[in-house]
Amino acid sequence: MPRVAYYFDDDIGAYAFAPHHPMKPHRIKMAHSLVLNAGLHQKMDVLTAKRASKEEMTKFHTDEYISHIASLNLDDPEMLASGRDKSGDNRFLAGDDCPGFEGLFEFCSISAGGSIAAAKRINSGQADIAINWAGGLHHAKKREASGFCYVNDIVLSILELLRFHTRVLYIDIDIHHGDGVEEAFYTTDRVLTCSFHKFGDFFPGTGHVGDLGIGKGNGYAVNVPLKTGINDETYRSIFQPVINHIMAWYQPGAVVLQCGADSLAEDKLGISVRSCRLLLLNAEIDMIESPYTLTGHADCVRHVKSFGVPLILLGGGGYTIRNVARTWAYETSVCLGPSEEMNPAELPYNEYMEYFGPTFKLDVPSNNMDNQNSREYLNNIL
């Protein structure tokens, strides 16, 4: 059985971005409840990471930006929500998408601290797989927040891995392009970024198949732009050959897999090329029509794990929180091996049972939406 380190901070569920904001940190606590009630905690090291300091965050982000989010005006709710610090400055936060909120810096410290600790655990040889579902915030940029992401814990984790590994592979299966991570490593060959994402009139509007990196990084950014309606079989048919080729050619010393769950059926998702703001206009958001299921998503984890390379699993997007919890709990069990995998047809009894009706099963059902990813289109990508 692989040695799995699982990072969880019990305070993570206490933070709230803003009224009606679709990003709900509580989903991580729900996933943890499923992990505990399935008995998975008995098969792995459950750890609470040291929270990341400002100094650790500035290994990627600018001092000015981190100082800003650490000094937001908690005494003035209106200024806090607008992202203004005590001097009135709000240059760094992206309006409704990335509001200021009470505990913002602490939330970022938990997220980043878990991902840094996961990398250190891998570097020390104490784990084969390390998990931090509070991480995976892939849109954050060096000097600004973006797409619900404030501190790019992924970049910080990869920088820690690079202290011990010559090459690191980053794979992103969130429905949105992993733009912040790609941008951070776009000019180096020491990190290969590979993003599978919906492309077109869709946030963040980047990730064209021809975006390959520049300078020494040319050829080390891989983008797989997908169309609406991809199902499990089609996703598998593009994911596995791409990853097989990269693993054989690049031979990374460690892999970071961002497991954003917003690509699944029934996820609440806004569609806008410039902003995620449509998500904020109404608390009752239509479900995205997608045939992609929990087991299909987990097949990506299973495939990457099969190479036996040290692996970090991180969270990411996901706005139908019952399905995020289902997915990340199930993928935790996948990391432990076939004998420990949860049964998708069952659901462990837990304190959040009312969220999981009417099916009260672990699985996320598919639907019959038309798959616009033709074989010809996928072959052109390959």
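Residue numbers in this text run from 1 along the chain shown.
Including glycine, each Cβ sits where the backbone N, Cα and C put it.
Summarising the annotation, TrEMBL assigns domain 'Histone deacetylase' to 21-334. Per TrEMBL, substrate binding site is recorded for Asp97, Gly147, Tyr319. The active site, proton acceptor annotation in TrEMBL covers His139. TrEMBL lists Asp174, His176, Asp262 with the feature divalent metal cation binding site.
Structural mapping of features recorded in TrEMBL.
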| residue | record | DSSP class |
| --- | --- | --- |
| Asp97 | substrate binding site | coil |
| His139 | active site, proton acceptor | coil |
| Gly147 | substrate binding site | coil |
| Asp174 | divalent metal cation binding site | coil |
| Asp262 | divalent metal cation binding site | coil |
| Tyr319 | substrate binding site | coil |
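Counting every protein chain shown, the number of other Cβ atoms lying within 10 Å of the Cβ of His139 (active site, proton acceptor) is 28. Annotation: His139 are the recorded positions among His139, Asp174, Asp262 whose CA atoms are within 10 angstroms of the CA of Gly147 (substrate binding site).
Comparing Asp262 (divalent metal cation binding site) with the residue listed as 'active site, proton acceptor', their Cα atoms are 14 Å apart once rounded. When the Cα atoms are compared, Asp174 (divalent metal cation binding site) and Asp97 (substrate binding site) turn out to be 17 Å apart. Within the model, the domain 'Histone deacetylase' (21-334) carries an average pLDDT of 90.
Annotated divalent metal cation site Asp174, His176, Asp262; additional same-chain residues within 8 Å of its Cβ mean position, judged by their own Cβ, are Ile175, His197, Gly260, Ser263, Gly316, Gly317, Gly318. The maximal spread of the substrate binding site, taken as the longest Cα to Cα distance among Asp97, Gly147, Tyr319, is 14 Å. A separation of roughly 11 Å, to the nearest angstrom, links the Cα atoms of Asp97 (substrate binding site) and His139 (active site, proton acceptor). For the pair Tyr319 (substrate binding site) and His176 (divalent metal cation binding site), the Cα-Cα distance reads 13 Å. On its own chain, His176 (divalent metal cation binding site) has His138, His139, Gly147, His197, Lys198, Phe202, Phe203, Pro204, Gly260, Asp262, Gly317 as residues at least 6 apart in sequence with a Cβ closer than 8 Å to its own Cβ.
All protein chains included, Asp262 (divalent metal cation binding site) registers 22 other Cβ atoms within 10 Å of its own Cβ.
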